[in-house]
């Protein structure tokens, strides 16, 4: 039989062919996508020379529980250790934002020169960044290939030309090749890192975190050896002495790819398990379809047998029915993979800035082929499992075959019901956890709050800032900006702050409490009057800051507001109002401040975070050189975002607005990973349950058709339709009960794999599992209802005629 004949024959049974195509396409698309994502994140070669030798160097601030970058001054010491590292690259923690003459935003990454050599990738046009580029103003650019094509139309003569960014002229010295990204896909270009005066001061003060460091391990050097060397460098750094003594500084070395995998590995592992469960269920359904197809073709197979066809000929005929739709379904599934990858990226299950592509490679194609081959093999095994296909072909023995087929199908259905219960159980646990998180007290009210992070003087664009010279005028303009925003329709409150909950900014410092021995660590915030009203943070005792309260405070007359966790930990048993603290006023100096208020403790970064560090707030009407403006409005704050941005730029033409989003969106973004995992597992669980219901309905329907003669005899001997209906329902109920019990017994231990994603409940949460058991049982009984109703309506006369006909 040639290919054309095989396809022509397959389309003679369009219902069977369509079912096989759809099931195969779903299982191929899902498994190829998930496995391609896992491969890309954990195993696929990075777009650098010997990328597996690239590591990220960081520090763990032990008492704070933070992992941050290093100091720029450590770069040269690390680069000098050629026995440990072949090369070291430093980069700023965030991109350098610029706008060109056309108003397009550029993300320029500031890196140490020679970064492309360390990564082992040479420019395709021009030259790399060199040491002499880091002298003077350093206004040279190395373009990404995507930027070169999209903004310069792929002009090969772009090298040597100039581009204006932020009112300054930069010379283009080269273009990196296609596929090169660093540190991620967001970088449009790279420029040499030249420290500003502020960065030098931060470095001298030991303010870690502003410099991310990548290194290439020398041959034979392990992560442990690199960590030991970094530990020695940290111990010898004088500007880290205070941090080592008060906080504790530990070296952290990890492979570069782990930078992208950390937040996604567990979610993808969960999807991988769900996709394998779906594969098993789809294979079982295809097996049922094949068995149904064989029963429907008894006459054809009997004729073939009579004409001399053997056992292999009949199996070859089954394969001819199955192979064309499986091939078509596999092809359609592969076409769906790019859409599925885009969906996972949109839902945050694949990092958008992953330096390698997902799908379209040999591995994803291989995963698709394996998935299709597995479902095809299971379906063929089902055909082989018939004790004697030859007898089936001869038409002798539907009853003789029924017992064996019934046991095989019953086992498959119990397995499918169990797996559906496992997935639905995971979905229920994640759903209840999400409900607990959404209703978790956060200490503030995010509704109607807009956060606008701004650099009013353009310091991040290289503009000079002298606090003594520029500070007073800038503060006056900031206060005028606040009044301008307050005058907008619908605005109720507005205030400046150094940071706010979920604003992606953190400051931790050492504080001393008079009467309590030792130094303590606490979060530090500078906030203006009205900040707590703007965010809806409850005032538990005392008062708010007054306008101008932070100006000109001396060494003994400072004021401070603390949160309730601060009181519980360090001021318990006494009136916190009037208590004296010593707060930092310089690298090694402190000043006294009196507690004038107590406010509610808030969640800072995640709704599931546990209270760890207390917080104290200092008064400051304005904050420079960067600030955060928080605004409370009536209604949707997103509507006001563009208006506030325009008012900022109207007051400060050189201002850089880092982000401008409602606080509610920032809170929702922190739940994106959990939400995506919940949606994906729920989708898998729903599809699996529907397939199981379809399979159970099909098997019971076939069982009723097989037992038509038996049911007719029962009815002729006086059995009522209700008796027959209950008998069929009892058969389905036993299968459902066995599947649900097996699923719960399997699902509770497996749910421990997602224990770290549960909140407020454990893997054994009884209400969740009871609900899942009820849903699966109800769905199974619903699938049994129609076959049972059909059985109850069997006519004895027609049943006996059907039996004689066979």
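Counting begins at 1 with the first residue displayed.
Even glycines carry a Cβ here, placed using N, Cα and C.
Mean predicted confidence for the domain 'MacB-like periplasmic core' (28-230): the pLDDT average there is 87. Under the heading domain 'MacB-like periplasmic core', TrEMBL lists 28-230 (among others).
What TrEMBL records for 274-384 (among others) is domain 'ABC3 transporter permease C-terminal'.
The domain 'MacB-like periplasmic core' annotation in TrEMBL covers 480-627 (among others).
Residues annotated as domain 'ABC3 transporter permease C-terminal' in TrEMBL: 683-796 (among others).
As annotated by TrEMBL, transmembrane segment applies to 267-291 (among others). For the transmembrane segment (267-291), the residues of the chain that approach it from at least six positions outside its boundaries are 16, 19-20, 23-24, 26-27, 30-31, 34-35, 37-38, 41, 318, 321-322, 349-350, 371, 374-376, 378-383, 386, 405, 409, 412-413, 415-416, 419-420, 422-423, 426, 673, 676-677, 680-681, 684-685, 687-688, 691-692, 694-695, 698-699, 702, 750, 753-754, 757, judged by C-beta separation under 8 angstroms.
Residues or ranges marked as transmembrane segment in TrEMBL: 322-344 (among others).
For 364-384 (among others), the entry in TrEMBL reads transmembrane segment. Long-range contacts of the transmembrane segment (364-384) within its own chain (CB-CB distance under 8 A, at least 6 residues past either end) are made by residues 23-24, 27-28, 31-33, 35-36, 39, 279, 282-284, 286-291, 294, 315, 318-319, 322-323, 326-327, 329-330, 333-334, 337, 358, 408.
Per TrEMBL, transmembrane segment is recorded for 410-431 (among others).
Annotation comment: TrEMBL describes 683-704 (among others) as transmembrane segment. Residues 23, 26, 30, 271, 274-275, 277-278, 281-282, 284-285, 288-289, 291-292, 295, 402, 406, 409-410, 412-413, 416-417, 419-420, 423-424, 426-427, 711, 728, 731-732, 735-736, 739, 775-776, 779-780, 782-784, 786-788, 790-791, 794 of the same chain sit 6 or more residues outside the transmembrane segment (683-704) yet have a Cβ under 8 Å from a Cβ within it.
For 733-754 (among others), the entry in TrEMBL reads transmembrane segment. A Cβ distance under 8 Å defines the sequence-distant neighbours of the transmembrane segment (733-754), meaning residues of its chain 6+ beyond its ends; these are 266, 269-270, 273, 410, 413-422, 425-426, 429-430, 692, 696, 763-764, 769, 772-773, 776-777, 780-781, 784.
TrEMBL lists 766-788 (among others) with the feature transmembrane segment.
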Chain residues in Cβ proximity to the transmembrane segment (410-431) (below 8 Å; excluding those fewer than six residues from its ends, i.e. six or more beyond): 270, 274, 277, 280-281, 284-285, 287-288, 674, 677-678, 681-682, 684-685, 688-689, 691-692, 695-696, 699, 735-736, 738-740, 742-744, 746-748, 750-751, 754, 757-758, 761, 763, 765, 768-769, 771-773, 775-776, 780
Same-chain residues at least 6 beyond the ends of the transmembrane segment (766-788) whose Cβ lies under 8 Å from its Cβ atoms: 417, 420-421, 424-425, 428-429, 432, 689, 692-694, 696-697, 700-701, 703-704, 724-726, 728-729, 731-733, 735-737, 739-740, 743-744, 747-748
